[in-house]
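**Student:** The structure follows.
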Amino acid sequence: MSSMSRFLIIVRLILLLSLDIGAAPAPALAPVPAARTEVDPELTAGFSEGDMIISAEQRNGLRSDNYRWPNRTVYYYINNNIDQPHREQILVGLRKIEASSCLTFQEVTQDQKYYVNITSEPGGCFTAVGFQNRVQQMNLESYPLDEGCYRMGTIMHEMLHALGFYHEQSSADRDEYVRIAFENIEEGKEHNFEKFDNDKVDNFDQEYDYGSVLHYSPYGFSKNGEMTIVPFKEGAEKQMGQRLQMSQWDINKLNMMYKCPQQV
Ligand SMILES: [Zn+2]
């Protein structure tokens, strides 16, 4: 067989396969969850506000220096079952945080007692909030690059939780900027819209930030397709829930939280 006809057969096979994917209701070739376009994996994990593992005493924590990573150094371990492209995507996220702050990310050495253990199990994206002084999990369920837990903004969102940040819309002054539309929230999911007092959560004197990578989408936990977080500022819903990059205010807060000597 000539290489040309072999090439044509392969092209035909690829065409057939892709047609098959388009036609089949449950394609065997797509190993991603079927609901991924409808459901935000940051919201599906079932932890506090979807993706944060919080211990009781920690609710007082964010202001406390106990939850900051010592020496502005974050140790991490990326599990072996995460393939090279996904590993690189995670590392790009970490490097972006580094470039915007005085933090350093370092891969663990064998004797490291505390670090972020980056896993890729089913169950969405979730992480422990703040420094825990032990091995703490950050899970990024497997998705194609730039989707679900592997959106660049989501990787940074989860890492910002691990650094000590809560969601933007839980800040004490949020009611001046958004209305939580409880009438549109799924039954039993109301606790995800909790507001923290100022003594628990510090906004570092920065203005409420609709464009924060830590802000929910306006439709988070919606039961009817209507907005669950309605901004008072016109058009702000277009910024809310972006998962592309840290906003300038996210960067400012990170620099303040870690008392970076030179603000970026
Ligand atoms: Zn989150």
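Cβ from N, Cα, C; glycine included.
What TrEMBL records for this protein is below:
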- Glu158: active site (ACT_SITE)
- His157, His161, His167: Zn(2+) binding site (BINDING)
- 60-261: domain 'Peptidase M12A' (DOMAIN)
- 1-23: signal peptide (SIGNAL)
**Student:** Can you give me the residues near the recorded Zn(2+) site, meaning same chain, not His157, His161, His167 themselves, Cβ no more than 8 Å from the center of the site's Cβ atoms?
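**Tutor:** Counting only non-site residues, the set is Glu42, Glu49, Asp51, Met52, Thr127, Glu158, Leu160, Phe165, Tyr166, Val213, Leu214.
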**Student:** My understanding is the cutoff is Cβ-Cβ under 8 Å with a sequence separation of 6 or more in the same chain; which residues meet that for His157 (Zn(2+) binding site)?
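**Tutor:** Within the chain, His157 (Zn(2+) binding site) has Cβ neighbours under 8 Å at Glu42, Cys125, Val213, Leu214, Arg243.
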**Student:** Work out the three-state DSSP category of His161 (Zn(2+) binding site).
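**Tutor:** In three-state terms, His161 (Zn(2+) binding site) counts as helix.
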